[in-house]
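This report refers to the structure that appears directly beneath it.
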Amino acid sequence: MLSDELESKPELLVQFVQNTSIPLGQGLVESEAKDITCLSLLPVTEASECSRLMLPDDTTNHSNSSKEVPSSAVLRSLRVNVGPDGEETRAQTVQKSPEFLSTSESSSLLQDLQPSDSTSFILLNLTRAGLGSSAEHLVFVQDEAEDSGNDFLSSESTDSSIPWFLRVQELAHDSLIAATRAQLAKNAKTSSNGENVHLGSGDGQSKDSGPLPQVEKKLKCTVEGCDRTFVWPAHFKYHLKTHRNDRSFICPAEGCGKSFYVLQRLKVHMRTHNGEKPFMCHESGCGKQFTTAGNLKNHRRIHTGEKPFLCEAQGCGRSFAEYSSLRKHLVVHSGEKPHQCQVCGKTFSQSGSRNVHMRKHHLQLGAAGSQEQEQTAEPLMGSSLLEEASVPSKNLVSMNSQPSLGGESLNLPNTNSILGVDDEVLAEGSPRSLSSVPDVTHHLVTMQSGRQSYEVSVLTAVNPQELLNQGDLTERRT
């Protein structure tokens, strides 16, 4: 388990590596010895002493330059074990061979660690030569995952021939790994809470910038009058096809001919022809199937009652289960009425409102108009037809006594009484019959008398002689 101090200040490790010079091998030779002062951050006991570290002038005299060093000036490593309850326990410390430690100077190098200290890290305050007390701090942390079976500087793996700076390098490397993991864990925790953590470039402190900002939509439609913006180039490319009406994917089904902008829409459309509905609602008692996953997702909101699409217009507050419904609703607030009635010219904001208007008014009006035409349609010789043609009624044959001539037989007194009668020509009780088949288009009446038949045009009939001369009255012998 990493300590709270490590999680809050993991940047100390990075600063130490950047600002501290550590030899990489025994071939490194420095002409002068440098004082490395120990700045104590831990409680100092009476038995604690510090000694000066002398970097040797020549790497070949390591075996001959060893001097006796007090036992309190040795470098110790901390062995940490994780107990069964998840808490860290301090194990025994292992003493390192003081091969390169010198007692010729009184400057302190390292500080003894208290065996009773229960923290899980070691603070070794090392400074570069000339920096003094302004040196950066180093936090040495041993990775928990490597504690078991691979303790750093354990008594079994300790070798007096290994230089101390290699061990410090290894310890610093492990500490950097642990600190990086701690920082990543902290970033993941803050990201889950909706916060974005940035590391400052100047002071190295982490700062919370608040909620995550929305993704910037950089792709804007260049078509005049269109202000749509997009994040993904694929969506932007699809939108441009709508302006060009580029429907390059055509349905191959016979008699369909529908076209689409993208291939995926065509594939979904083909399911309407083959009847495929691969997406099923698994709610109890439902079992409805859909052609697309989006339709199934919208359908499930019926069961859950979820309406995630909220109208942001002031004072509205309506919410919808589908985004398409929200877009249709927004037209109401914009005042646009793009849907027009083809009969009366009235405009509507929604196509559904226009369709309701058509069914309510114009369909009833059309039915009423046809019914009125049927009711006002008079018989073939009706007076309204004659008045419309501006023909005097006294010169024509009138049949007002019969509502219809469709297939009915009319009894006439005699054949000579058809013409020249002012009011009514057709009278009941005649032994002779007239079979009339009305022709609404030509307004003709066929009359029979014995073996002879006559066709009379009622619009031009004046007298029998004129009818014969003009061809309005014809005689057929059968």
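Just so it is clear, glycine is given a Cβ too, placed from its N, Cα and C backbone atoms.
Swiss-Prot lists zinc finger for one of the ranges 159-183, 309-333, namely 309-333. Given the ranges 51-74, 339-362, 387-410, the record in Swiss-Prot names 339-362 as zinc finger.
Of the chain residues outside the Zn(2+) 2 site list Cys251, Cys256, His269, His273, Pro252, Ala253, Lys258, Leu266, Met270, Thr272 have their Cβ within 8 Å of the site's Cβ mean position. If you count C-beta pairs under 8 angstroms between the zinc finger (279-303) and each of 219-243, 309-333, 339-362, the highest count goes to 309-333. For the zinc finger (309-333), the residues of the chain that approach it from at least six positions outside its boundaries are 298, 301-302, 349-350, judged by C-beta separation under 8 angstroms.
Note: the Cα of His243 (Zn(2+) 1 binding site) and the Cα of His273 (Zn(2+) 2 binding site) are spaced 28 Å from each other. Closest by Cα distance to Cys251 (Zn(2+) 2 binding site), from the binding-site residues His239, Cys311, His333, is His239. Take the binding-site residues Cys221, Cys256: by the count of other Cβ atoms within 10 Å of each Cβ, the lowest one is Cys256.
Its Cβ placed at the centre, Cys311 (Zn(2+) 4 binding site) has 16 other Cβ atoms within 10 Å. Straight-line distance linking the Cα atoms of Cys256 (Zn(2+) 2 binding site) and His239 (Zn(2+) 1 binding site), rounded to a whole number, equals 24 Å.
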